[in-house]
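Below: one structure, written as structure tokens.
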Amino acid sequence: MYYVAQVIKDECSKYNCKQCTLFCPEPNTLMYTDEGHHAYVNTLRCKGCALCVYVCSELLKRDSIEMVYAENRDVAGVR
């Protein structure tokens, strides 16, 4: 199996930054909900490149996205 991104909703909603959505190379994969104030992943489209994890963890120091095995994913991509 492969890895896909998963947003940690409670952590992500603290920042309301939307930066990760700007860097995902796959269209309509990493999106943002204004209602919940957090990003979410369409795990069926996620290619597992982990660029969003790099942006969130390394550049922004927020640790709101993690990579999980595709077999353990949920459709919404939010934990």
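Each Cβ is built from the backbone N, Cα and C atoms, and glycine gets one as well.
Feature annotations, reproduced from Swiss-Prot:
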DOMAIN    3-35  domain '4Fe-4S ferredoxin-type 1'
BINDING   Cys12, Cys17, Cys20, Cys56  [4Fe-4S] cluster 1 binding site
BINDING   Cys24, Cys46, Cys49, Cys52  [4Fe-4S] cluster 2 binding site
DOMAIN    37-65  domain '4Fe-4S ferredoxin-type 2'
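On the structure: features taken from Swiss-Prot.
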residue : record                          : contacts (Cβ under 8 Å, 6+ apart)
Cys12   : [4Fe-4S] cluster 1 binding site : His37, His38, Ala39, Arg62, Ser64, Ile65
Cys17   : [4Fe-4S] cluster 1 binding site : Leu60, Arg62
Cys20   : [4Fe-4S] cluster 1 binding site : Leu30, Ala39, Cys52, Val55, Cys56, Ser64, Ile65
Cys24   : [4Fe-4S] cluster 2 binding site : Leu30, Leu51, Cys52
Cys49   : [4Fe-4S] cluster 2 binding site : Pro25, Glu26
Determine the Cβ neighbour count for Cys46 ([4Fe-4S] cluster 2 binding site): the number of other Cβ atoms within 10 Å of its Cβ. 23
Excluding Cys24, Cys46, Cys49, Cys52, which residues of the same chain place their Cβ within 8 Å of the centroid of the Cβ atoms of the recorded [4Fe-4S] cluster 2 site? Ala5, Phe23, Pro25, Glu26, Thr29, Leu30, Val41, Lys47, Gly48, Ala50, Leu51, Val53
Specify the count of other C-beta atoms within 10 Å of the C-beta of Cys52 ([4Fe-4S] cluster 2 binding site). 26
Segment-level pLDDT (mean, integer) for the domain '4Fe-4S ferredoxin-type 1' (3-35): 94
